[in-house]
Amino acid sequence: MVFDILIKILQLLLYFIKLNLVSRIINNIRHQQEFIFKILLFLIAAVFIIFLLPKEGKFKYEFQKNKPWVHEDLFAPYDFAINKTNEEIEAEKNQLKNTYALYFNRDENAEQISLDQYKNWVDQNWSDTIAANGNKEDYIEKGNKYLKEIFEIGIIQLTDVLETKKDDFSVIVLSENNIAEDVELKDLLTIKQAYHFIEKEVENLSSVNDSFLLLGLENVLVHNIIFNEDLTKKDLENQLSSLSLTRGGVLKNEKIISTGEVISADKYQILQSLKQDYEFKLGSTNQFAWVLLGQILLVCILFYSIYIFIKNVAPDVFNDNMNIVFFLLLIIAFVSVTQLVLKIENVSIYSIPFCVIPLLIRTFFGNRLALFIYIISILLISFIVPNSFEFVFLESITGIITLFTVLNVNKRSELFYTSLIVFFTFSILYFGLSLLQEGSISKISFNKLSWFAIGAGFTLLTYPLIYLFEKVFGYISDVTLLELSDTNNDLLRELNLKAPGTFQHSLQVSNLAEEAIREIGGNPLLVRAGALYHDIGKMVAPAYFIENQSGVNPHDELGYEESASIIINHVINGIELAKKHKLPEQIIDFIRTHHGTTKTQYFLRMYLSENLDEDIDEVMFQYPGPIPYSKETAALMMADSVEAASRSLKVYNNETISNLVNGIIDYQVKENQFENTNITFRDISLIKKMFVKKLMNIYHVRIEYPK
């Protein structure tokens with residue numbers, strides 16, 4: 001009995017232990033949810049990329065024509081054939097097209113039809129005049145004799161191809177029984193030659209009316225050797241398809257090339273043949289699994305490098321999963337397009353505008369992320385393209401030069417300039433690389449320049465793609481920020497009409513905030529646009545804000561709580577107006593955060609002075625927040641407070657302005673308004689100095705020089 005109770009207790013303890021363990025696991029999963037989701041995104045992208053990669057494997061040696069072989073001595077691992085070059089194959093095809101056999105059918109009925117037609121013609125055209133020189137049967141007999149001789153030789157149907165052939169060219173003539181006979185062109189007659197043949201024979205006859213006989217025979221001459229176009233084409237296609245693609249071979253263990261030996265054209269072709277055969281064998285044997293494993297390892301390590309780079313270099317970007325989706329989709333899209341283009345015959349991969357990748361990423365996230373993700377993308381794509389060294393070299397250098405030469409794509413003219421940069425960079429790099437490989441200008445293929453031009457032209461797609469990704473991912477580009485900063489747009493014009501003082505205040509704040517961001521680093525266009533719209537909520541009740549008042553203050557008629565509520569509500573009203581006018585979320589964030597969680601100090605102090613013994617809920621006088629989360633939103637909060645307070649100064653000099661700026665910003669720091677931003681004390685110090693300098697210029701304060 002006691003033993004059973006102990007067992008029950010132990011089971012109960014184990015149950016609670018298990019329950020606690022499961023609970024801890026669940027809680028841990030909840031805390032790691034973001035991490036798991038990001039890993040899942042990268043895994044899905046990796047699987048997709050691996051699926052697109054060819055499974056033939058890769059030859060481990062990189063080599064270039066007319067360059068030294070930098071690897072160890074290479075011996076043939078097995079017997080393999082040497083492939084002909086494309087030029088050799090093309091030359092053989094052209095030779096075959098100039099010498100292929102032409103097939104003709106002998107029309108056995110043509111002779112009898114002509115004989116019958118000739119007899120009918122004689123019957124119809126017989127007259128007493130003709131009869132005076134001979135009888136009808138003689139005409140018919142002689143005519144039939146000539147026709148039979150001519151049709152026995154053969155009257156050939158001329159074709160465009162035959163016009164270019166010499167007399168000793170042979171054609172194949174098939175009888176009704178498909179018995180083939182090789183006949184030289186000179187042994188066959190054309191219609192004209194057949195007529196001359198009859199004319200010559202008739203001249204030797206004196207008892208026959210030459211003209212009548214010639215006229216009759218001329219009217220009935222027809223081809224009996226008829227061109228068989230279908231059979232000729234079929235035979236040519238069979239011959240072209242059966243052309244040998246190889247010339248000679250290399251035996252197992254035969255030395256192919258030595259270390260340091262310059263790779264000649266012949267050696268290059270042998271190496272290319274081994275490479276193609278080796279990669280094919282990798283994909284068609286049980287080594288497929290190893291190739292797949294290699295692809296998995298390489299793709300995963302490249303994606304992991306993206307993961308750790310973004311996490312450490314741009315944590316703000318890393319924290320938003322939509323950004324990760326954007327990067328991965330961009331990579332997958334270009335890998336997919338590359339795979340598709342490779343399947344299209346006679347289309348070069350250089351027609352794909354890979355430079356769009358860094359230009360798009362730079363537009364939203366800056367140069368560092370753009371460059372790194374672009375290089376990783378090019379490395380991934382190099383797994384599937386031929387001549388991967390040339391591809392990586394050309395694309396990497398072109399992308400880097402384009403990225404750091406074209407500083408922005410705010411204007412359409414900049415994109416045309418970008419296209420020219422891409423084209424000329426590609427062309428110069430290709431020309432230099434080709435000179436190294438070929439050792440001669442005459443051997444360089446300039447056909448690639450047209451593909452470079454096409455790829456450069458497609459770079460213009462950057463502009464519409466920026467707009468597309470803005471809408472899909474909620475990003476905001478410099479182009480959009482410039483449009484939003486135009487003070488002639490409807491919302492800012494309405495602000496100027498309804499609350500002119502607020503509008504002027506916003507202009508001054510935008511100037512201060514923009515200069516602050518230029519001083520400490522950030523996006524000046526973003527902070528300028530955000531500053532212009534940060535107070536649009538004041539349009540709802542403009543008269544309650546001092547910058548719009550003209551001697552009458554409606555707050556005099558209200559309680560302090562109500563006044564504070566009206567002032568605080570300009571943030572909420574601003575958010576509603578911004579959403580109504582479909583402003584981007586990045587701009588709305590400036591409206592949300594420009595007062596953070598500070599309080600309406602004037603109304604709070606007045607309320608406290610009149611209610612000394614009362615417990616006060618200060619939340620009534622506090623802005624809802626949130627606090628700033630970036631350098632840009634922090635700079636706006638400082639600029640907004642400093643600009644507004646500077647209007648109340650009685651005396652403008654270096655001391656009063658410095659005290660004002662330092663006091664306001666130090667209070668905001670003390671209230672922890674910047675704890676969610678990546679702003680530093682050095683940044684804050686620089687902003688203070690810049691604000692003092694700008695305000696002294698605004699209020700025309702002269703600098704006092706030491707005596």
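Every residue gets a Cβ built from N, Cα and C, even glycine.
Annotated features in TrEMBL:
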- 502-645: domain 'HD' (DOMAIN)
- 6-23: transmembrane segment (TRANSMEM)
- 35-53: transmembrane segment (TRANSMEM)
- 288-310: transmembrane segment (TRANSMEM)
- 322-341: transmembrane segment (TRANSMEM)
- 347-364: transmembrane segment (TRANSMEM)
- 369-385: transmembrane segment (TRANSMEM)
- 416-437: transmembrane segment (TRANSMEM)
- 449-469: transmembrane segment (TRANSMEM)
Quick one: find which recorded stretch in 35-53, 369-385, 416-437, 449-469 has the most Cβ pairs under 8 Å with the transmembrane segment (288-310). 35-53
Who are the long-range neighbours of the transmembrane segment (35-53) in its own chain, taking Cβ under 8 Å and residues 6 or more past its ends? 29, 292, 295-296, 299-300, 303-304, 306-307, 321, 324-325, 328, 331-332, 335-336, 339, 380, 383-384
With helix taken as DSSP H, G or I, strand as E or B and everything else coil, how many residues of the domain 'HD' (502-645) land in each class? 102 helix, 2 strand, 40 coil
Compute the average pLDDT of the predicted model within the domain 'HD' (502-645). 90
